[in-house]
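Just below is one structure, and these are the notes that go with it.
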Amino acid sequence: MKKPIGIILSGYGLNCEEETAHAFQIAGAQAEIVHINDLIKGLVKLDKYQIMAFPGGFSYGDDLGSGKAYALKFKNHLQKDLDRFSQRDTLIIGICNGFQILTHLNLLTGTLTFNTSARYLDRWVDLKIESESPWLRNIKTLSCPIAHGEGRFHANKKILKDLKQNKMIAARYYNGEMSALYNLDPNPNGSLDNIAGITDRTGRILGIMPHPERAMYFTQLPHWTYLKEKLIRKSVKNKRNLPTYGPGLKIFKNAVSYFL
Amino acid sequence: MPYKIHVAYIVPDTRADVKKRYIENLGIVKKLNNLVLVDAYTIDQQLSKLSLSKIAQIITDPDSETYTINEPLAPKKFDWVIEIGFLPGVTDNIGTTARETIEDILETRLNGQGVYSSQLLFLSGSLTKPLVKQIAESLYNPLIQRAYIKSFNEFNRDRGMDNIVPEVRIQKKPHVLSIDLKVNDDELEKIGKLGIKNVDGTRRGPLALDLEALKIIRDYFNKKGRKPTDIELESLAQTWSEHCKHTIFADPIDEIENGLFKTFIKGATDKIRKHKGKSDFCVSVFTDNSGAIIFDDEYLITDKVETHNSPSALDPFGGAITGIGGVNRDTLGFGLAAKPIINKYGYCFAYPWDSEPLFRDSERKQKMLPPKRILEGVIDGVRVGGNNSGIPTPQGFMFFDKRYKGKPLVFVGTVGLIPRKVGNHVAFKKKAESGDYIVMIGGKVGQDGIHGATFSSESLNTSSPASAVQIGDPITQKKLSDAVVKEARDAELFNSITDNGAGGLSSSVCEMARESGGCVVNLEKVPLKYPGLDPWQIWISESQERMTLSVPQKKWRKIADLFSRRGVEATVIGKFTASGKCEIFYNKKRIMNIDMDFLHDGRPIKRQASLTFFTHFKEPKLKEEKNFNNTIISMLKRPNIASFMFISQQYDHEVQAGSVLKPLQGKGLVNSDATVTRPVLTSQKGVILSYGINPYYSDIDTYHMAACAIDTAIRNVICSGAHLDHFALLDNFCWSSSDSPERLFQLKKATQACYDYAVQYGTPFISGKDSMFNDFKGYDKNGDFIKISVPPTLLISGIGVIPDVSKTISLDLKFPGDSLYILGETFDELGASEYFHMLSEHARDDSIGNSVPKVNAQKNKSTYSIVSHAINKGLIASAISVHRGGLVIALLKTAMAGMLGINVSLHNIPGKVTNNHQALFSESQGRIIVSISPSSEKEFQKIVKNIPHKKIGTVSKNSRVMIRGVNNKKIVDLNIKDALNAYRETFAGY
């Protein structure tokens, strides 16, 4: 089978493109990092890709509101290409700043605004997966980190109803392993109905505030040294046999298997 | 007529809630009834109505925001409104993004800055104008911002706030002065101390050239038969400055002919490298913008730590963000450009609850910012600098002493990654070739940072640019950084690169011109933020986010195209030559022509003399105590020991996906002493970082202070699984009054210790920096003169490479039933300890004792090597380094991190202690506490049999910390949760 090809957007302060590309690669995809200006100039065409990722970062420093300026630039120059891309049987993911961009591109509904603490926060959260999106197939729960200042999901009643009715709520924060272990509030930012991620109607477009690519390896877990000791003591003759990957990789693998 | 667009939230605005709480906590007013925020964009450009409404629509999110154009947007009811905007010439990132977005949508260019951002705060509550003024003062910094206040009635009468365009307008025409140095010594000294005299009689600010240097310069130009120009003098002053040449470290002192740096710092490295022979891992040390060591066969890692103290005192946010941005550029400016992969921080602050005001002037009009605002601003600045650039910031510390009140110390560091080869080039080498274009990339040039410290508040309220302090622009730098390090470097489009930091172009161009042998610069080509700058200002301006490149002429078109596609401004401003001269032209007129040799090596060498200096302190009275519970709880709350989780959690430490050992460890999220990062995701190798800092010890003996800092930095990484074989050090000296013979003595002792201990441990110095005059001279609340000097402060940073990150361990206890061991010896070494400092504060005297910890490197080295070995074999479940606060604090940290109890006895611990105070709190070096699973214990005992060690107890199931003292009687019985609450209490509200 031919590997699907993913485009990972970059430029103007996006900054998670390298690790996001790496996650797709170890999941079995081809991944190419492309600067938005090279798309605008037509040096690269969206047509050859099956997967598009808007990675995390700080596009335009969040200056006019997170994700807004990058989305404006994208819409202004690439709306038609984007429409063509999303109408094909493709997958799109926006992580963190990428999620914020997707809402401003009107590919997803709702708004991401300042955390209730009004402060940037890097910590691990637990997610309960509720959607049948191809991105999330066979995932029930998932722990990975958030790192944002504007991740509080907000939507008006109409949008929320639509999200619920059409099963577009992808993931909610819940009191799982990490919140219990570190005695932290399960909802890290005051998101409406604990919403951490949503999809479009088809489920092919996913926006998610937490970073699955920061949970792709075992040694990224905050308690991996504890798990290691536990494994060693359980195993015969103290043999170390540590897992290589972390739970976040599954999302990228799901994207790859969608095309296989 | 400028236009103004207002934007407000129609959904709950958390920023407003937080501002409201902040204001209520100031103690100025008990309760605000309401606070509403409105963002404003002032557009100084002729635009059609249609364009304006298009702009308003696109910068507003219809789901969450609303807007007005040229109409006020205000809540129906409010009592006062404060508008805060920037002063002319201050970096306005929001304004810039708005401009770029508008330009993109309208497909047109706006003139100059074009768009200016500001924010309106509408306050409701029973407030008088003086109270609102006080609130405004707590919200803005008069050095960079402006604030306007209106009452409800005034606002309605005027139909909103006034439209103010903070545009820089410089009336005079750029010109060049020739300076007559054939004047008497008094006048010559004035030129050095106060600066060149302008035509209007005002002075430009200190050149920091003494009489001897000025006479050498006079002779040089005499021989040339002409007077120097202002730009020549300014350029020489920059190049010869303490900041650039590190004269105190370089020049002879007492019997040390080659100076402290060459003898003790570089001397240690040279000796270690020679001794290591084939296993030498240093690659480029002390020559480039960062130091570099081998990472693996493909990559090198670089490291550099800088300080940004004075600017952070004036504008904490701007000072800190430009500090971290600057050291990121030191990484980009290493070799053919390294990629920043880790940021580090270290803050020495005064106590944030200290509210006694300080003033810069005797009339008490220029108030210094209080310590709490400095702390908050600095923390914010480093956060924005790191998070917004996508560089993880896992490693750092805070240290408090009242003597940091006038000058906080802000350490910022960056680790970089660079391939060993780029194409056919060895990537750590660079050489500007004669004929290459001098290319400036990144931001534009304004009056930023020129004679930074010399300004008066009067000049800041006019249309003159606020030049003393600056704000960084992380996105401009991120664009530049990505374009250089991810594309231009690997396409081999330039021959050399250097950062524009202190001294601006003057420093970067002249430094690179050494590689080729000369340069010709056309200053009028340099892109400016606003017109009217004099050539000398363009030359030495410290405007941020700029690098200088040396680009072969035939590659110019290619690199120009790349930069243009990446939104990075790039300009050819001259050529590198081999003429032996630095020549500068302005509009075709030659305004500078100095021999390269004179510029770089003409400086007079100073002979320095030190004077032996020790202080004897009172010994505190130690009472026999049966129970230390409350004392320990007080120690856990000490700001130098307490959790600073609030910083660790707001600094993104997981971006780039390489985080392995994090800044907060265990279930109790305890701040760690070392962090591990995996920078190359296809390799198991890791970079380990740590630090050691003990300014308290300096009061007793700077030799031992430095020795302890080195030992601590080493011990901290050993505990995580590093090995000394591949571990290097960085030194950052922050001294005060450094021209005094006493301080020079302390400096000499400290550097001597650096040599002695680096050599004994085999850990070379690879980079360092010093900041020699951290003194504040000002006035107290009564208008009396006051001088506050920081204690001699040495930060030792450590960087090492770990072969397999999965073998590293964290500091938290893992399972009940594990055994606890102490390794290393404890002595009566409480001199200047955290414990004695607490006692002396209670007694209100200076009884900090005299028995400062001393380091036995040979003994410690065997302990460390055995711990590395045991961790590598997987025998140790957790390890924690014993440092500030002593044994009991380390025990509590490891227990709190694991959320597990311990049962311990300090009876007969290795070493010699006379009482429980010493056993619990002594800060003897070389000690590590480890926990061992029962199944590994036998093998562990075999391994440690030849080093000082003792099993002191076990990890228990319950959550109690039980400690028996030197007489085996119970002296501590604490609940782990109470301890954790105390540990987290001090900075809980931050």
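Including glycine, each Cβ sits where the backbone N, Cα and C put it.
These features come from TrEMBL:
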DOMAIN    B:206-246  domain 'Phosphoribosylformylglycinamidine synthase linker'
ACT_SITE  B:H243  active site
DOMAIN    B:289-418  domain 'PurM-like N-terminal'
BINDING   B:K304, B:D731, B:G768  ATP binding site
BINDING   B:E306  Mg(2+) 1 binding site
ACT_SITE  B:H308  active site, proton acceptor
BINDING   B:R329, B:Q470, B:E542, B:S543, B:Q544, B:S771  substrate binding site
BINDING   B:D330, B:D499  Mg(2+) 2 binding site
DOMAIN    B:434-586  domain 'PurM-like C-terminal'
DOMAIN    B:673-772  domain 'PurM-like N-terminal'
DOMAIN    B:816-960  domain 'PurM-like C-terminal'
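Taking the features listed in TrEMBL, we show where each one sits on the structure.
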residue	record	contacts (Cβ under 8 Å, 6+ apart)
B:H243	active site	B:A502, B:G503
B:H308	active site, proton acceptor	B:G319, B:A320, B:T322, B:G323, B:G326, B:V410, B:V412
B:R329	substrate binding site	B:N289, B:Q477, B:D499, B:N500, B:G501, B:M547
B:D330	Mg(2+) 2 binding site	B:N289, B:S290, B:K304, B:E306, B:T414, B:D499, B:G501
B:Q470	substrate binding site	B:V90, B:T91, B:P311, B:D315, B:G318, B:T322, B:D448, B:G449, B:E542, B:S543, B:Q544
B:G768	ATP binding site	B:F261, B:I265, B:F286, B:V305, B:L730, B:D731, B:N732, B:F733
B:S771	substrate binding site	B:T307, B:N309, B:L409, B:N732, B:F733, B:C734, B:W735
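The full span of the recorded ATP binding residues, B:K304, B:D731, B:G768, taken as their largest Cα to Cα distance, is 9 Å. Highlighted in sequence order, B:G291, B:V305, B:L730, B:N732, B:F765, B:I766, B:S767, B:K769, B:S797 have their Cβ within 8 Å of the centre of the Cβ atoms of B:K304, B:D731, B:G768, the residues recorded for ATP, and are not part of that set. B:S543 (substrate binding site) falls within neither a helix nor a strand when secondary structure is assigned with DSSP, and so counts as coil. Between the domain 'PurM-like C-terminal' (B:434-586) and the listed ranges B:206-246, B:673-772, B:816-960, the one holding the most Cβ pairs under 8 Å is B:206-246. When DSSP labels each residue, the domain 'PurM-like C-terminal' (B:816-960) comes out as 56 helix, 32 strand, 57 coil, counted as helix, strand and coil in that order. Per-residue confidence over the domain 'PurM-like C-terminal' (B:816-960) averages 97 (mean pLDDT, predicted model).
Residue annotation for substrate gives B:R329, B:Q470, B:E542, B:S543, B:Q544, B:S771. The furthest Cα pair among them is separated by 21 Å. Secondary structure from DSSP puts B:G768 (ATP binding site) in a beta strand. In the structure shown, the C-beta of B:K304 has more C-beta neighbours within 10 angstroms than that of any other entry among the binding-site residues B:K304, B:D499, B:E542, B:Q544. The binding-site residues in question are B:E306, B:D731, and the one with the fewest Cβ neighbours inside 10 Å is B:E306. Cβ neighbour count for B:S543 (substrate binding site) (all protein chains, 10 Å cutoff from its Cβ): 26.
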